[in-house]
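The transmembrane segment feature in TrEMBL is assigned to A:21-49, A:81-106, A:118-135, A:168-190, A:274-297. Residues or ranges marked as domain 'ABC transmembrane type-1' by TrEMBL: A:81-292.
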Amino acid sequence: MSAVTTASQHHRKAAIGAGASGALMLAPAVFVLLVWSVVPLVLTLWYSFQNYNLVDPTLHGFAGVNNYWYLLSDPDFLQSLLNTAILVIGVLVISVGGGTLLAVLYDQEFVGRGVARVLVISPFFVMPTVSALLWKNLMLHPIYGVYSWMMRAVGLTPIDWLQRFPMLTVMMIVAWEWLPFAVLILLTAVQSLDAEQKEAALLDGAGPVARFFHIVLPHLSRAIAVVVMIETIYLLTIFAEIMVTTAGGPGVASTNLAYLIYSRALLQFDVGGASAGGVIAIVIANIAAAFLVRAVARHLEV
Amino acid sequence: MAGQRARGKSLVIAAVGWVVAIWIFFPIFWMFLTSFKGEAGAIATPPRLFFVPTLESYHEVFQRGNYWRVTFNTLGVSIGATVVALLFSIPAAYAMAFLPGKRTRGTLLWMLSTRMLPPVGVLVPIYLIARNTHLLDTVTGLALVDMFTNLPITVWMLYTFFREIPVPILEAGRMDGASRWQEITRVLLPLATPGIASTALLSMILCWNEAFWSLNLTSSNAAPLAAFIASFSSPEGLFFGKLSAASTLAVAPILVFGWISQKQLVRGLTFGAVK
């Protein structure tokens with residue numbers, strides 16, 4: 001397979017003739033991406049060592065590591081790190097675990113399968129602010145929400161979910177958005193599994209469980225790696241869902257790193273402190289990316 | 001006997017498949033239903049499944065002066081960002097697909113890695129740059145930021161489509177004396193139209209739904225739908241009818257596009273790793 005690809009690449013090169021024109025066509029895209037990724041990064045780093053508050057012009061100058069020190073010793077910061085971890089890990093477990101099971105389920109033939117699949121992947125196409133408000137108001141509102149009505153109908157007292165279990169509830173809302181993404185990707189991958197392979201295993205007398213673990217799961221490994229990578233990128237900086245449901249509260253109970261940085265920057269106007277948080281967010285994302293990209297890059301056809 | 005068991009099994013699968021699907025889709029269905037209930041019907045207890053539909057909520061949403069403005073903002077940002085992203089990424093993807101060099105793989109992976117930069121990490125400088133260049137709360141400013149964030153995806157997706165075009169066809173054009181420009185515009189682009197259309201569609205969907213920069217870089221002037229809906233958070237959140245109508249209007253076109261183009265979206269979202 002890879003030998004064929006390489007051969008055709010050489011062929012392409014020889015046939016059309018590489019040269020300066022290739023670099024010239026590539027240059028604009030590379031240039032804007034370079035500017036986009038380097039300039040803000042350098043500025044964030046620079047601000048993070050400055051005393052800089054938008055509403056207090058008397059405060060300025062080099063701050064050393066004060067912004068970092070102030071942030072790292074703030075209990076809110078530790079809480080936000082914990083919440084970020086809960087959100088990323090919780091949603092990954094739900095979406096990858098559930099997504100794998102649902103992909104296998106919707107790979108089976110049944111009446112109306114096509115429609116059922118479309119319904120399942122739909123939440124992924126709903127914009128985050130709509131998803132959040134749908135759940136906050138129509139579903140979970142303690143008085144008018146459908147779920148509250150159902151709880152009353154079976155004799156339970158409705159719970160104000162976003163007040164009582166803010167982080168768990170935000171996690172469920174985000175999982176509702178990202179589980180469909182996992183199903184979409186993993187279902188596509190399951191369907192590319194050779195029918196003959198499945199049949200051969202069936203004839204060999206492999207049970208459904210053995211078939212799942214020995215054939216389906218290994219086949220899915222690359223798609224799962226891709227899902228984990230892409231979801232991690234997005235989940236590390238979930239923002240809109242928190243902003244419109246809990247505004248990070250009560251207190252800081254549902255504040256993740258992204259929301260903390262936002263509130264430092266645009267609610268408290270503390271550019272220095274927010275930038276220190278930004279640098280930490282970038283470092284965390286890069287640590288995650290270093291592992292994930294390496295795992296996935298092997299699978300990309302380049 | 002065995003046939004009966006197989007039929008029983010497939011009935012169970014169908015039942016589970018449908019229950020799960022309906023449960024997951026229910027909030028969207030309920031939003032759609034609530035948008036036709038009017039304010040009083042929207043908060044009736046017990047919730048009503050059957051009712052006389054009314055367009056009252058839609059009328060109210062349309063009458064809010066900023067609804068149309070917000071929709072035009074969203075269209076402007078999505079179309080603008082997509083067109084510019086394509087202008088940058090078509091030549092780049094062409095170069096990487098047909099004139100690959102030693103650094104092509106590295107360049108592609110580097111582009112992917114720029115997606116790893118968390119937006120919130122650069123919120124402060126982007127906000128300040130936008131403010132100082134008077135791009136804050138403008139359609140142009142938001143479109144630019146969306147274009148930058150989507151560029152790696154559009155380059156990758158076009159690259160995977162271009163690589164499927166047989167080289168001999170391009171060569172034939174060259175034999176006839178076509179310049180590179182003609183080769184791209186007369187031979188490549190017509191052949192790659194479906195791939196370019198899918199790429200444009202994915203970019204539109206991502207821009208349309210983008211919330212982080214929309215909420216942080218716009219307010220009254222350039223707010224797109226994602227930010228407009230957030231304004232229903234409070235205290236207007238309790239107007240369930242209006243919230244549902246506005247949300248339905250914001251979500252419906254993307255849902256339909258998403259349903260139609262699932263397959264192509266998988267390729268774009270996974271950088272071609274899953275097809």
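Start at 1 and count along the chain as shown; that gives each residue its number.
Backbone N, Cα and C atoms are what each Cβ position is placed from, and that goes for glycine too.
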Compare A:21-49, A:118-135, A:168-190, A:274-297 by their Cβ pairs under 8 Å to the transmembrane segment (A:81-106) and return the stretch that comes out on top.
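The stretch with the most close Cβ contacts to the transmembrane segment (A:81-106) is A:168-190.
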Are there residues at least six beyond either end of the transmembrane segment (A:274-297) with Cβ under 8 Å to its Cβ atoms? List them, or say none.
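Same-chain contacts beyond the flanks: 41, 44-48, 50, 67-68, 70-71, 77, 84, 222, 225-226, 228-229, 232-233, 236-237, 257-258, 260-262, 264-265.
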Can you tell me which parts of the same chain pack against the transmembrane segment (A:21-49), counting only residues 6+ beyond its ends and a CB-CB cutoff under 8 A?
62-65, 67-68, 271-272, 275-276, 278-279, 282
